[in-house]
Amino acid sequence: MKPTKSCILTLFLLFAALAASAQADRKIEQQKRVIAALEQKIAAEEREISKLKEGRAATEERVRRLARQIDSRNQLLEETEKQARLLRGEIDRTDSVAGDLGRSLDRNRTQYAEMVREAYRNYRHNNYLTYIFSSRDFADMARKITNLREVASMRERKLQDIAALSKQVVEEKELLDRRKRSLDSVTLKLKAQKQKLERDARNARTSIRQLSQKEKTALQRKISQEQQLDVAIGELRKLTKGNKEGDSFSTKTTGLRLPVTAGRVKRYKENMAEITGPKGAHVISIYDGKVVDVKRNRITNKYDVYVAHGEYITSYANMGSICVEKGQKVARNAQLGTIGSAVNIMTMETEYKLVFGIYPPNPGQKLRAENCFKK
């Protein structure tokens with residue numbers, strides 16, 4: 001039996017729904033793995049914090065570890081919210097597919113009912129016999145019998161379409177229910193994580209109050225050192241020797257955009273600049289160049305990107321995500337990734353910032369980051 005246009009459309013809908021669902025499942029599973037890794041990291045941090053003894057040194061270490069844990073919890077919240085968005089999108093898509101399939105099922109049922117009523121009317125009034133015996137000859141009679149069989153086959157195929165659609169509607173509704181239960185579970189996790197984040201922040205602020213101003217200053221310095229670039233710039237200078245990408249960059253280059261969209265400079269320190277911005281803000285290359293290295297900071301778990309402009313190097317540390325790779329050419333103001341989260345050690349509040357650095361080819365040469373952005 002040949003499939004009807006309605007059957008082909010139904011099959012297309014089914015295959016499209018299955019393909020979209022499979023792709024969404026892969027994304028959700030990938031997100032679950034990211035969340036599981038962060039949960040394991042936080043659990044390990046909690047165990048380490050619980051082992052710390054009393055005393056000034058232990059208090060300082062506890063504050064440092066709590067700051068890291070708060071940042072990890074923030075990352076976990078962001079990834080869990082991303083999972084919730086994926087699930088909401090899937091719920092909307094599945095609901096739409098189920099609705100389309102349901103309407104198609106209703107149309108097929110209506111059409112089938114009309115076909116059955118028509119067949120019954122023809123049977124009651126002997127229309128079939130009249131149709132056959134009105135044939136001109138045996139050849140015409142054979143053709144009409146074939147037509148009647150095709151009509152019966154159409155009813156059968158319509159019934160098969162209805163059965164297939166009914167099954168798919170049930171499956172889509174079951175999938176929709178599972179997605180909704182998953183979203184409810186994720187929503188509860190989000191609420192619990194926010195409560196734990198608030199608890200950690202309270203504990204950290206309590207520990208901070210136990211430190212003297214001198215100890216607080218020393219602690220800020222240590223935290224700042226952790227956020228610096230964990231690489232020997234000298235080695236990168238060797239790699240960029242003779243580089244021609246963005247070779248018009250020099251000590252006289254000024255008027256460049258800040259490397260964070262909608263960002264503001266929190267502080268300058270010689271060749272470094274700490275720049276804050278809104279969550280999800282884009283990090284951009286300040287000049288034409290080439291990505292010479294990409295690393296992941298083992299302490300903060302954030303990304304560090306290094307771009308060569310001629311023999312000059314700019315560094316972008318504490319990035320939450322990246323969209324470039326080593327060896328890639330980048331244009332001025334091209335996106336490198338997004339800004340990463342950090343914790344203000346004095347307030348234990350979350351902020352989003354980038355640690356920017358610029359390095360001339362000559363290590364003895366002095367270069368100030370703020371000069372790049374002067375108008």
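Each residue, glycine too, has its Cβ placed from N, Cα and C.
Unlike curated records, TrEMBL annotations are generated automatically.
Note that this is a predicted model, so its numbers are computed, not measured.
Per TrEMBL, the range carrying the annotation coiled coil out of 187-214, 243-270 is 187-214. Mean pLDDT for the domain 'M23ase beta-sheet core' (274-359) in the predicted structure: 90.
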